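Structure first, commentary second.
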Amino acid sequence: YKDKIMPLTICNLSSHNFMLISIFYIIFSQHSERSKVLLQHGVGLSKTLTHIPTKVLTMKLQLMRGDVLTVTSWLAPIVWEGTFDSAVIDGIYKPLNVTIATTVFAVGKYITYLKDFLESAEKHYMVGYNINYYIFTDQPENIPAVTLAAGRSLWSLRVPAFNRWQEISLQRMSFIRKAIEEQIRKEASFIFCLDVDMRFDNHWGAEALGNLVAVIHPWFYQASRDSFPYERRPESLAYVHADEGDFYYGGAVFGGLIDEVYKLTGTCEEHLVIDKGKDIEAVWQEESHLNWYFIYNKPTKLLSMEYLWSDEKVKITELKVVRLSTIKKNLAAVRPN
Ligand SMILES: CC(=O)N[C@H]1[C@@H](OP(=O)(O)OP(=O)(O)OC[C@H]2O[C@@H](n3ccc(=O)[nH]c3=O)[C@H](O)[C@@H]2O)O[C@H](CO)[C@H](O)[C@@H]1O
Ligand SMILES: [Mn+2]
């Protein structure tokens with residue numbers, strides 16, 4: 001299969017993934033006792049996992065992508081169209097009846113993005129799953145009325161208005177950490193933390209679930225490590241040495257199991273507070289701290305730029321589908337500074 005279809009260099013990149021998938025299915029098909037898989041996802045054992053037939057295995061192996069990196073050097077999958085089968089993924093997660101918390105900040109004029117964000121999410125984001133949206137806003141009265149599907153609900157959490165846009169990004173980690181502690185932990189098993197200036201265009205589903213999930217920043221997909229915009233001043237706790245770093249991740253999408261994201265947000269919050277005490281603000285605010293965190297706490301799953309694209313980018317051939325895109329915004333009109 002490899003020799004016939006894939007050029008040798010690509011074959012080297014993909015063979016790990018090929019092996020992993022094969023091993024996963026061998027384990028899966030031989031053990032109908034499903035505790036390992038369920039425990040790995042940190043969810044209860046009460047529901048029955050549906051049996052995955054052999055014909056699905058055969059189909060899956062034909063879906064491999066040969067033109068892109070589909071696994072990291074620490075063996076985390078990178079999710080691209082053609083690397084997963086939604087029927088198999090839903091066969092794992094739907095019976096577990098998981099609830100996925102989804103945090104979004106809509107402060108000041110950014111509240112105007114919320115309607116399209118929510119309406120498009122209802123069409124494409126985790127369709128068929130229980131979703132709790134947590135909207136952090138300074139104006140709960142202006143949250144638009146959007147019809148949510150069954151099993152999906154929306155909570156508003158009040159935050160102050162800020163006079164610098166950087167401040168909102170900086171404070172997100174702390175607000176999310178607190179909300180997990182006080183509310184979210186009791187209500188959901190997974191969480192995704194998303195920017196609001198975005199629109200879902202296509203399926204963005206349960207294949208994105210994982211213990212600790214990061215997204216490759218679309219502007220730095222093909223960039224070399226020395227051009228990643230990590231924080232380079234050693235005084236900051238977000239400092240990354242020139243010899244370190246795997247990918248440059250976007251701050252607009254991260255997630256995973258609640259406890260993993262609790263640790264992530266708590267650590268970033270601590271580092272942000274210490275930096276502030278030293279009067280230093282990392283070059284890309286919380287995104288810089290997030291990138292630091294993922295170097296020392298490797299994400300267990302990476303999402304390709306299909307999961308975080310930008311309306312301002314010219315499409316590349318590897319991009320077969322845009323699932324979520326940052327909309328073009330008039331920064332002078334929407335930001336407080
Ligand atoms: C695509 C991507 O990875 N974007 C990141 C990037 O810039 P962006 O240009 O995407 O940042 P942005 O202006 O979208 O701000 C981030 C988010 O903060 C919220 N917000 C911001 C300003 C405001 O007045 N009101 C408000 O609610 C809102 O949810 C917004 O989506 O760098 C930021 C760091 O500063 C964040 O890490 C963003 O996630
Ligand atoms: Mn944004």
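Cβ atoms here come from the backbone N, Cα and C positions, even for glycine.
As given in TrEMBL:
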ACT_SITE  Glu287  active site, nucleophile
BINDING   Phe105, Ala106, Val107, Tyr110, Asp195, Val196, Asp197  UDP-N-acetyl-alpha-D-galactosamine binding site
BINDING   Asp195, Asp197  Mn(2+) binding site
TRANSMEM  6-28  transmembrane segment
Out of the recorded positions I have (Phe105, Ala106, Val196, Glu287), which ones have their Cβ sitting under 6 Å from ligand 2? none
Would you give the longest CA-CA distance, in whole angstrom, between residues of Phe105, Ala106, Val107, Tyr110, Asp195, Val196, Asp197, the set recorded as binding UDP-N-acetyl-alpha-D-galactosamine? 11
Translate the DSSP assignment of Tyr110 (UDP-N-acetyl-alpha-D-galactosamine binding site) into the three-state scheme. helix
Show, in sequence order, which residues other than Phe105, Ala106, Val107, Tyr110, Asp195, Val196, Asp197 on the same chain lie with their Cβ within 8 Å of the centre of the Cβ atoms of the UDP-N-acetyl-alpha-D-galactosamine site. Val104, Ile111, Tyr113, Leu114, Ile168
Including all protein chains shown, what's the count of other C-beta atoms within 10 A of the C-beta of Ala106 (UDP-N-acetyl-alpha-D-galactosamine binding site)? 27
Where Tyr110 (UDP-N-acetyl-alpha-D-galactosamine binding site) and Glu287 (active site, nucleophile) are concerned, what is their Cα separation in Å, rounded? 19
Would you say which of the recorded positions Asp195, Asp197, Glu287 has the most Cβ atoms within 10 Å of its own Cβ? Glu287
Students should find that the Cβ of Val107 (UDP-N-acetyl-alpha-D-galactosamine binding site) has, within 10 Å, a number of other Cβ atoms equal to 21
Which one of these binding-site residues, Phe105, Tyr110, has the sparsest Cβ neighbourhood, judged by other Cβ atoms within 10 angstroms? Tyr110
I need the CA-to-CA distance for Phe105 (UDP-N-acetyl-alpha-D-galactosamine binding site) versus the residue listed as 'active site, nucleophile', whole Å please. 15
Within the same chain, the residues at least 6 apart in sequence whose Cβ is under 8 angstroms from that of Val196 (UDP-N-acetyl-alpha-D-galactosamine binding site) are Val104, Phe105, Ala106, Tyr110, Tyr113, Leu114, Phe117
